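Undergrad: Straight out of TrEMBL:
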TRANSMEM  B:27-48  transmembrane segment
TRANSMEM  B:54-74  transmembrane segment
TRANSMEM  B:95-122  transmembrane segment
TRANSMEM  B:142-162  transmembrane segment
TRANSMEM  B:169-189  transmembrane segment
TRANSMEM  B:209-231  transmembrane segment
TRANSMEM  B:243-261  transmembrane segment
TRANSMEM  B:289-314  transmembrane segment
TRANSMEM  B:335-353  transmembrane segment
TRANSMEM  B:373-392  transmembrane segment
TRANSMEM  B:404-424  transmembrane segment
TRANSMEM  B:430-449  transmembrane segment
Amino acid sequence: MSEPDGFLARQPAAVDNAFAVLEKVAELGPGTTARQLLAELPMSKATIYRIIKHLVAHEYLVRTPDLTGFILGRRVRALAAAAQSAPPEEPAPARGSEAGQSVPSTLPVTASWVTAP
Amino acid sequence: MQRDAPRLREVSRFAGLERRVVTERDLVAHSVSVMAPSVSALGLAFVLPDVVGPGAWLSVLLGFGLAHLLAGAFGQFARRMRAPGSLAAWTARGLGVGPAMVVASSLIFGYAVLTAFGITAAARRISGGWEAVSGEQAGPGLEFGAVGAVIAACLVVIARGVRWSTRFALIAESLALVCLVVVLAVTAARWGLPSWSDFALAGASPMRIALGAALIMTITVGFESAVGLAVESARPFATVPRSMHCALALTGLLFAVSVALNSGPAGGHGAGRIRWLRPGEEHSPLDGLILLGLALSLAVLALCAWTALSRLLFAFGREAIAWRRLGAVHPRAKVPHIATLAVVPLVLAPVAITVATGHRLGWVTGHLLETATLALCVAYAVTAAAVVPFLLRIDELRARSVCGAVAAALGVLGLTGVVVWHDAMAGRGWLLGIWAAVVGAGLAWWLVLRGRVSGLADRIGAHDETLRDDVLLPGQEGLHV
């Protein structure tokens, strides 16, 4: 079972788990199933199902027409649309950094997802 | 490695309805309205301690506990599918076409009887309210006039659109609940609160407690009616399952308070029975107002059951398993107007039978309500049983879901068995005959469609699939939300 970059299985924060599920669906593509998420993420079955239930209820994930898989939903789409329409900004210097080193993007997956050919 | 993107629809199968406008509060009000807690808490709750004897509170616990189990089983579908065909669509996904058609015919019969019951019972309360206010005997003309007025009012409210009609239900049901709270407060102040000894189980009969729980089922049927509005609801996968539990919790709490009060000194004094504020007096304007409040609650019951039935017929029209025109949507009101009008003959039929047989208004619907409860409960059990194959099919089966669904199905079947046994003992076997006819109609519908309609399995169980505009796909351009 592989561990996603930057994800700590011991970390109890639900928000980390939710982002891990979203990122894994983005990585595996439309139609990712719950079983695939179980195989790919270091979380218990109960945790995966609970997070999926919550993300579907709040429309961050939607189901495929045959109900077996998941796709990034309208609220992720809204985030992507907002990010796409936002005016470009000068990168702010990181706190305590020198020579204007920029803050890493917090949405690397979403950005490449939108601009993929 | 990424999978290929699934084919998504550009336009919904249920296009035309007003999407994402019904709030969770309105959905709860819709579900509460169909259960009409003010009517049951001032009716059945006042007599339940007499019927059950010691342990009436256990009947309440069993009845509402079972309804919550059912809501949990239905939630397995409601969290995954938006389907105006409600339980019929869900059953088709789990158990196939045949059981789905039986559920469909049971739902049509059940919602039609609930609508007719709401209208005739509202007319009787209006008549009773007039008698209490004026002190004069109301003639049958007033009752039949009230029937016409309630039907017209329902049609006008439905024609205003789903946002308006659900909000109307919320306000009207709130007013009815105020009436209920006033009566309960007056009852408690006049007769006093029950003591712990009033809830003792000494001398309790398990059979009578089971019968009491079966009576509770008669007031909880229809709690799921709001699922037909899923397409029109905001965030339905969160709000629809929650609204079922919230509505049951609210109704159960009010009913339990009423049963508790009547298990104490109030029950011994024969409190209630139409004159709650001035017991024993013919002329009581305050009780007349309470009766009019109950009439409002019953009219809203009719409105909400009518709305649920119209969405069901609309879905069958769109699935082409019934007259296709039922799937039409009015372009301005954005409600299924043909399906709404198609309910009128179903509602008027019991009234016509009442006139033809010379009985008092409400006699026919009162009896039909028992059969409708039976039909709906069997439909609930079948739908709960469909949870397991459905979850297996989408590869999301979990032990907890299976246990909940199986317990709900067996519990409902057990209490339904108690009702059947009671009716058979009471010499009301003809009610079972009507139920058998409803099941037979569903099977006949299936057999007719099987010979005439191709791809039947794909048609029934249609749900509002994810649309292309609802997702973020790789390489998607022009994101506008």
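Glycine too: its Cβ is placed from the backbone N, Cα and C atoms.
All annotation found in TrEMBL is predicted automatically rather than curated by experts.
The shown structure was predicted, so the numbers you read here are calculated from the model rather than taken from an experiment.
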Undergrad: Under 8 Å, at least 3 Cβ pairs, sequence separation 6 or more: does that hold for the transmembrane segment (B:95-122) versus the transmembrane segment (B:54-74)?
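TA: Contact absent: fewer than 3 Cβ pairs fall under 8 Å.
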Undergrad: Sequence gap of 6 or more, Cβ distance under 8 Å, 3 or more pairs: do the transmembrane segment (B:27-48) and the transmembrane segment (B:209-231) meet that?
TA: yes
Undergrad: Are the transmembrane segment (B:289-314) and the transmembrane segment (B:335-353) close, by which I mean at least 3 Cβ pairs under 8 Å that are 6+ residues apart in sequence?
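TA: Stretch pair touches.
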Undergrad: Decide whether the stretches the transmembrane segment (B:243-261) and the transmembrane segment (B:54-74) have at least 3 CB pairs under 8 angstroms, with pairs required to be 6 or more apart in sequence.
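TA: Between the transmembrane segment (B:243-261) and the transmembrane segment (B:54-74), contact is present.
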Undergrad: For the transmembrane segment (B:54-74), give me same-chain residues lying six or more residues beyond its boundaries with a C-beta closer than 8 angstroms to one of its C-beta atoms, as numbers and ranges.
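TA: Sequence-distant neighbours of the transmembrane segment (B:54-74): 48, 87, 90, 199-205, 208-217, 220, 223-224, 227, 241, 244-245, 248-249, 251-252, 255-256, 259-260, 263, 380, 383-384, 387, 404-405, 407-409, 411-412, 415.
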Undergrad: Quick one: find which recorded stretch in B:142-162, B:169-189, B:209-231 has the most Cβ pairs under 8 Å with the transmembrane segment (B:335-353).
TA: B:142-162
Undergrad: With a Cβ cut-off under 8 Å, give me the same-chain residues at least six positions beyond the ends of the transmembrane segment (B:169-189) that come close to it.
TA: 25-26, 29-30, 32-33, 36-39, 41-42, 254, 257-258, 261-262, 266, 271-272, 276-277, 289-290, 293-294, 296-297, 299-300, 303-304
Undergrad: With Cβ-Cβ distances below 8 Å as the criterion, list the same-chain residues six or more beyond the ends of the transmembrane segment (B:142-162) that contact it, or say none.
TA: 17-18, 21-22, 118-120, 122-124, 126-127, 130, 168, 229, 232, 295, 299, 302-303, 306-307, 310, 330, 333-335, 337, 340, 344, 347-348, 351, 361
